[in-house]
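Chemist: Once you've had a glance at the structure underneath, I'll fire off some questions.
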Amino acid sequence: MGMLAAAAASALLASPHAPAGRRRLSGAWTLRLRPAASPGAAALRLHNFVPKCYIANVEVDVTTVSKEEAFDDHTSLPSACSIPVVNLRGDVLDSSPFSLHDRATCPSSFEELPVLSEREQHTLASTPAHPAGLYALYASYLFGNLVEQLWNFAWPTALAILHPSLLPVAIVGFFTKLSVFIGAPIVGKLMDHFPRIPMYTALNAVQVTTQLISAATVIYALKNMSHTSTTAVVLRPWFIALVAAGAIERLAGLALGVAMERDWVVLLAGTNRPVALAQANAVLNRLDLICETVGASVFGLLLSKYHPVICLKIACGLMICSFPVLVMLGQLINRVSCHALDSSRTATDESICIDLLNVHKIVQNSLSAIKHGWNEYKQQTVLPASAATVFLNFNVALAPGAIMTALLMHRGISPSVVGAFSGLCSIMGLVATFISSSLVKKVGILKAGAAGLIFQASLLSVALTVYWAGSISQRTPLLIFLASIALSRLGHMSYDVVGTQIVQTGVPASKANLIGGMEVSIASLAELVMLAMAIIANDVSHFGFLAILSVSSVAGAAWMFCRWLTNPTDEQRELFMFDPLYQVQAI
């Protein structure tokens, strides 16, 4: 058989990912190689195998190859591997499997190859590639996130004790968002060109150091500052140091989050195992919500029993202890996952990292990274899914947060009701992490994402209608208003998990941190814009305007995502070729 036959056979047997390699036929699943009536047909040889080969329902008919086609360029093919006929029947899974893992030995002929049944494919999709590595990742994420969330609650609380005005907290918060917007692209690019473990260690060192600097400045202020004007506070050197350290700390923390949530978890769960990846993403979200609740509760409990300075010193002790533990866990993750985190790094990365870390070019590198990140970001196939996540960040009014708390307190709502509302929102977020993985397993990630966005937009529309229709100071409208917002968190957190997985699936591993950093940067810009709108419309009577903007942003995200699903490109279909949505459309 000629060169065309050899190429066809090699492509079908050695490429488990070929799109044309999987078709559902009625009856048995078969692969037949029909040799031409040529004396040279028996010369067909198979050069090599990949470790795993899955073939289902493919027919190759080679009948028009001329006898004159030479086989000169295949002299290295082993003569012992001939393939006269390959026939896969529906009962192939009951037969003894043919080992493809040993490259050194190859039988003289074979009749059957193993094909995964539908049940086995579901089992494979639910099984992580490196389960031990995932458990180590969960431990690292839990410990690091717990210390981070504790500090995120500690510093604003300490500043509030130090000075009654909200301006110091607002200034620190503004510059942290600004640092994320400017610095996330360059940090993401740096992480994509730097070995994962050294970068992880360096970011943890930076985060712990800046946390300790911030804590030291606040402790100094609590010991030495008396009641003074707001202007005098924000112009002090210790406050300027706090702003700078806080901005760097937040940037390092977000970089660690992007690395773990967009890069590491994909390698450990497996890019071609959607259910396992969805479950891993759900676990990370649960741990995040648990750490947020526990961190605030622990520091609040300490603050109720001890002086703020003592509480901050305890927090500093936890930060110092966390660094060696996190470094050890990072090494453990790589070791138990067979050094999966050492992949995808080239020899040219060092020169790129040195150039990016050049202090004299920091402004130029930042602008270049933002431009490069934006160009890469807008070219991604999954851009609408990522943009929907950004649009959800415009919802600052109809969500648990400072603006909602201020509205309820202004309306005379009991603090116990406000606290119960915040707790209910957290519970809904936790429940959503379980719902999202079940949705992905039943309907696929694309339909699950659309369901989450539509559900959230619908319930927020109900909340907006109730707000405009009557006074939320009355019991029944208030309960409907708060219940609608709390239930909408089911859709919000479900899409947060699913949208992350869609971006994980669609973004190449070599650009995962860059695209993730760019998404975080744009999301921070969205929050800055909405905070600016809230500053302009700072009166509680203007809350209805902010609520309209919030509902419009969520509805726009749902519309954008659904339009993306209903008008898929060829690249999009190929990327999500195993999703039930496009499989049904293909039938």
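Every residue, even glycine, has its Cβ placed from backbone N, Cα and C.
Annotations in TrEMBL come from automatic prediction, not curation.
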Chemist: With TrEMBL as the source, identify the stretch among 36-55, 476-495 annotated transmembrane segment.
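Modeler: It is 476-495 that TrEMBL describes as transmembrane segment.
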Chemist: Counting Cβ pairs under 8 Å that sit 6 or more residues apart, are there three or more between the transmembrane segment (238-259) and the transmembrane segment (390-409)?
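Modeler: Answer no, regions not in contact.
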Chemist: Out of 390-409, 476-495, 543-566, which stretch touches the transmembrane segment (515-536) the most, going by CB pairs under 8 Å?
Modeler: 390-409
Chemist: I'd like to know if the transmembrane segment (166-187) touches the transmembrane segment (476-495) in this structure, counting it as a touch only when three or more C-beta pairs sit under 8 Å and are separated by 6 or more positions.
Modeler: no
Chemist: Are there residues at least six beyond either end of the transmembrane segment (199-222) with Cβ under 8 Å to its Cβ atoms? List them, or say none.
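Modeler: Same-chain contacts beyond the flanks: 144, 148, 151, 154-155, 158-159, 161-162, 190-191, 236, 238-239, 241-242, 245-246, 248-249, 252-253, 255-256, 259, 308-309, 312-313, 315-316, 319-320, 322-323, 326-327, 330.
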Chemist: As a test: from 166-187, 390-409, 543-566, pick the stretch that has the greatest number of Cβ pairs under 8 Å with the transmembrane segment (448-469).
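Modeler: When the Cβ pairs under 8 Å are tallied, 543-566 comes out ahead.
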